[in-house]
Amino acid sequence: MTIIVGTGLLRSADLCYSVLFFLPTSVAHSTFMLVRPVSLLLLAAGAISVPYKPGYNTIEPSTKAVADGRSAVKRAYPADPVSHGNVRVIPAGSAAIESALWAHEQAVDGSDKRDLLDVAEGDGDSGSGCADVMVVYARGTAEAGTIGSAGNVGPELEAALQALLAPTNKSLVFEGVPYPASYIGFFEGGSPEGSKEMALQLSQAATLCPKASLVSSGYSQGGQLVHNSAKLLAQHNPTVLSHIKAVVIFGDPDEDQSLQGIPASDTDIICHPEDAVCAGGGLLDVPFIILTLPAHLDYNKGPDVDNAAQFIFEKVSN
């Protein structure tokens, strides 16, 4: 598609995002937050549009996925299990859950509806891939991997929580949500496919590991996914929410919204007072964003991560 901006022509809206993607995370995130208000204005004026990308930002059930119990989400990152530190990062939710979610959304009448949770209940044995504490974490826009690179909020939170749990002999699984984490997803209020994937992963963990204490967490756009996945679970499988013992969000763009089905006492929203992303980052906030942008990029420093880990530890220890 062609974007008309004044007298200039850009051949693809993705050009901007592609350039940002290859910049260092902090630079890319900073640049994105600066151009976001302008982009929103152009979107509102109809000068640009966000394209639908079949096969890129869609979730498609497949026969193979049903057979091996994994989802067939089209991702920008590998879906194979990977090791991160001393814990196992699990890539995907159940294909049966995913299929049921789509069936529920698209059902015409009650006879076509299936339960969101369509997998056999597990025994919660750690030998089956379960753990005493299971964290499902969504990284921020443009961060690498599934939980971010070393030094990002995700790995720092994992390490801090592991340090608290180790003396108690409680096991930990820190599971990243494998979604594109693109800038377009942020414009959409949080990647739709990532939001569904997070709900699926929480559903799978609650079903296969009923004895586990679940934690839902995210940073920046990842916080949007935490909100969106809670809404999906509240609509399609509210019993899963009872397994979630703690929710922690850093730099939450939806700070002013409560989490559906999650008690406020089990929720820790960490937002710096000067973080314009938490304030919404509207068109009139451009000067404020420019002046306060560093506040959104330093949740991995100072006491924020340690306090979040302590909050989670106390909730899963009750």
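Each residue, glycine too, has its Cβ placed from N, Cα and C.
Those TrEMBL annotations? Automatic predictions, nothing curated.
Summarising the annotation, TrEMBL assigns active site, nucleophile to Ser220. Annotation source TrEMBL lists active site at Asp275. The annotation active site, proton donor/acceptor is assigned in TrEMBL to His296. According to TrEMBL, the disulfide bond annotation covers Cys130-Cys209, Cys271-Cys278.
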- Ser220 (active site, nucleophile): nearby recorded positions from Cys130, Cys209, Asp275, His296, Cα cut-off 10 Å: His296
- Query: Of all the disulfide-bonded residues given, Cys130, Cys209, Cys278, which has the fewest Cβ neighbours within 10 Å once its own Cβ is left out?
  - Reply: Cys130
- Message: Restricting to the recorded positions Cys130, Cys209, Asp275, which ones have a CA within 10 Å of the CA of His296 (active site, proton donor/acceptor)?
- Response: Asp275
- Rounded Cα-Cα span from Cys130 (disulfide bond) to the residue listed as 'active site', Å: 36
- Item | Assigned element (helix, strand, coil) containing His296 (active site, proton donor/acceptor), judged by DSSP | helix
- Message: If you count other CB atoms within 10 A of each CB, which of Ser220, Asp275, His296 wins among these active-site residues?
- Response: Ser220
